Every structure is written in structure tokens, then in C-alpha cells.
């Protein structure tokens, strides 16, 4: 048997972290078993579905490295297939036309509420005679299609994460609507609904394993009944834990960042985010291993090691994983990723003419980055001919003998248009010897004059970057003018 799984997002919003984590687990499972990963777009909600959300979902999955083997398939292009399934259920007596009005259904719910009963359809139109149906239609009523759910039925399945699952038919809310009222009088019924469309799709696409969030467990019970009624083999099911916020509630838009776009803009690398999502509910055989590619994770992945309990989203853990990936990247690899953040900060750069210089910048600040978005903050002292001086930097430059030291450095800079690392170190050595001061004083004073702060990235490498732009002389001269 070839393993076939699917991710089936609805394009009613941008790609959500929960959907993306489900996609990761499906992708890992498929690749572990040399199977196929299928993308299906469940776009039957025509009012809320948008083409731009579909593109966002596709680009988000691709950005994370979750390439699909088949698709994308769109449910709006498969309506005839669903109608065939509905007609089959009608012909076999597993479904019927229900003519209840919205007002009657509301009255039903209110009566149940008054008796402290859970709201459910009472199946009143399940056994209408042909004469009764004709009478209701003569009143101008249009039917929905309902699937019969036996209240006495016990639905049992073995969940690959949760073990034996049991659901009572009486807990499923009565006979289930599987098609809306027809918009077109030429059609026997209207828009097919979620549970019916999902089952028909999974049958047609020969899905062997349905891996999705635990919030779908009730749907699974309903869908098993539909598979059986349509004469199909029921796939295996696995219900993954929800992603929780730090308070233990389901992660939602109220928590702020939830879409993959949000994480991308915040400066997380796709491989780091995919790595983190892999661990968000799954424990590898070697529980000490935390850094791996999707391919490496797929080799070890099994549903048996997916947790049942909700997985708390840990920002510190994600930051740490992201930093591990960032710190392994060269300046050449980083530079194009950092440019947008420098540009957003308004730093004066030209990506074409400044590329070699920017690569050196990326090399310098790379080890201090946690997120790519930290680039603006970490390099703020390295852009421009002027810099704001902290009180500590001013105090450092006012120390006895420091002005002479810095002036000597300015003169050395003027003697040569080029500055190598060895020359920079030699200049510090010569000034230290000439003025008979400690090297530490020279280094602190030079940092204060060049950077405006007493702490920051490597001093020599920072100086070399500033010198390429001619900003070292400008800054030192300005700094000296402040302490005269």
C-alpha cells in the first residue's frame, strides 16, 4: 500500500501556524513511508474564500519546504463529484430531503434549551411520505439534504495517536446536513457541505491516512458513517494535539502572531520554523536532538511519538532554534535576507554597489542575531558618518590623554586610504607605545569615538567597515569636537 496523505486548508485567511504544523506532520509521515503528500484547497465557502489566501497558503507551504506531490485540487472544481455522492446516498436511502425552515429549527433549539437539552435536529422529516413532500414543496419550501445518523450506533476507531476512540451516534446532533438548499431550480440540491465533500475527496484521492487536529474528532465520527454508507474503505485517522498559548488555551488571533507571514516578517528562517513545528507535539527517538532538517526528521518520524496533550508554543525555544540556523550562515548567505530590515530602518545602502561591504557587515553581526529582524538594531552603530554618543562614551573621551590618542588615530587614518586588519592593530599598538598608555584604554576610547558606545560588535572589524566608507575619520573628528 502506498501511503497517501493530504493537507486541506480553507482559503479564508492566511496560512495559520496550526495548519502549517499539521502540514509538517503530514509531510513527515508521507516521506517516512515514501508516500505522497497532496494539497487540496477546500474553497466551498464562497463568501469568505479568496484567491489571495490560496496564493498565501501555497507560498507559505513552499517557503517552509513542504512541497506537495499532487495538487492543488480545488473543491469548487469538483462539485459534480460531490453531487454524485449525494445522489448515491439518496438512492441507497442513507439521506433524505428536509424541508424545515430556519424559524422551525430555531424554535426546536429554543425548546431544547428550555429543557436543558443539547441542541440537535430531531429528525422530524426523516420519514416523510411522497405526499407530504409534495405538500411542503407546494408551500414554496426548498429542501436541504440530510444524512441519516443512527442514535443507537456506536462509532469506534483506532486513532494512531490516541488509541481506541468511541463516539455515540446520539452525540452527533441528529441527522446531518450534507447539502444546502439549491440556488438553481434546475439542480436537485445545492452546495455540498464540508463533511460530505471531504469524504468524497478522500475516497477519490485514495487517501490512506487522515492526520489532522483534535478539533476534528467529532467530524471523524460523522465521516466514518459516510465512508461506510458510500461503500468505501475507511482511512486511518490520527488526531494531533492543539497548539496552546502560554496560558494553556488554544492559540488564536488574540495571541497576536498566528500566520506564517507573521513569523516570516519577524525574521524567522523557514528551516528553523519548520524544525520548531516538528517538535511542537512530537518527540524524536533521541529526545536530546533538537536541530534537524525536514528530511532528517522524516527518517525518524512516527505518529506513535506524537503527544496527546496540547503543545504549548514556546517563543524562547523558537528563538533559540532560529539562532542556531542563523549562526551557521555565512555573510554571503545572510546578506539578502537582512537587506529588507536595513532598508526598512532607512539605512543608506545600495544592494548592488554595496554588496561586498554588506556581506562583511552580515558576517560581523551574524553571531549576535537571534532573528533576522535584529539586524537593524545590531548594526545601528555601523551606518552613517555621524553617530549619537552616549554619556559613557563622552566620559571616556574626556579622560586624560584620550583626545591626543584619538587625534593620533585620525592622523594615521589620513595617511592611508586603505586599512587592513593588521594595519588597524598596528595603529593601536603604536599609539599605545607612543603615549605610554594601556591597550585597554586605547581600545575603549577608540570604540567610544567610532561607535558612540562602549559596547558593541568586534572593534577591529567595525573599524574596517567604517573605514571603507570614510566614516571612521568623520566620526572621530566629530567625537573630538564634542569634548574640546
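Yeah, the Cβs are placed from backbone N, Cα and C, and that goes for glycine too.
Swiss-Prot annotations:
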{"type": "MOTIF", "residues": "9-19", "note": "motif ''HIGH' region'"}
{"type": "BINDING", "residues": "98, 100, 125, 127", "note": "Zn(2+) binding site"}
{"type": "MOTIF", "residues": "250-254", "note": "motif ''KMSKS' region'"}
{"type": "BINDING", "residues": "253", "note": "ATP binding site"}
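Around residue 98 (Zn(2+) binding site), the same-chain residues six or more apart in sequence whose CB sits under 8 Å from its CB are 121, 125, 143, 144, 145, 146, 175, 177, listed in sequence order. Away from its own ends, the motif ''HIGH' region' (9-19) comes close to residues 41-43, 45, 48-51, 53-54, 56-57, 60-61, 213, 242-243, 251, 257-261, 263, 277, 313 of its chain (Cβ-Cβ under 8 Å, at least six residues beyond either end).
Every protein chain shown contributes to the tally, and the Cβ of residue 125 (Zn(2+) binding site) ends up with 20 other Cβ atoms within 10 Å. Residues belonging to the motif ''KMSKS' region' (250-254) score a mean pLDDT of 79 in the model. Same-chain neighbours of the Zn(2+) site beyond 98, 100, 125, 127, judged by a C-beta within 8 angstroms of the site's C-beta center, are, in sequence order, 96, 97, 99, 123, 124, 126, 128, 146, 175. All protein chains considered, the CB of residue 100 (Zn(2+) binding site) has 19 other CB atoms within 10 Å. For the recorded site, residue 127 (Zn(2+) binding site), the DSSP three-state label reads coil. For the pair formed by residue 127 (Zn(2+) binding site) and residue 253 (ATP binding site), distance between Cα atoms is given as 44 Å, rounded to the nearest Å. Here the C-alpha separation of residue 253 (ATP binding site) and residue 100 (Zn(2+) binding site) works out to 36 Å. Neighbour density for the residue listed as 'ATP binding site': within 10 A of its CB lie 10 other CB atoms from the protein chains shown.
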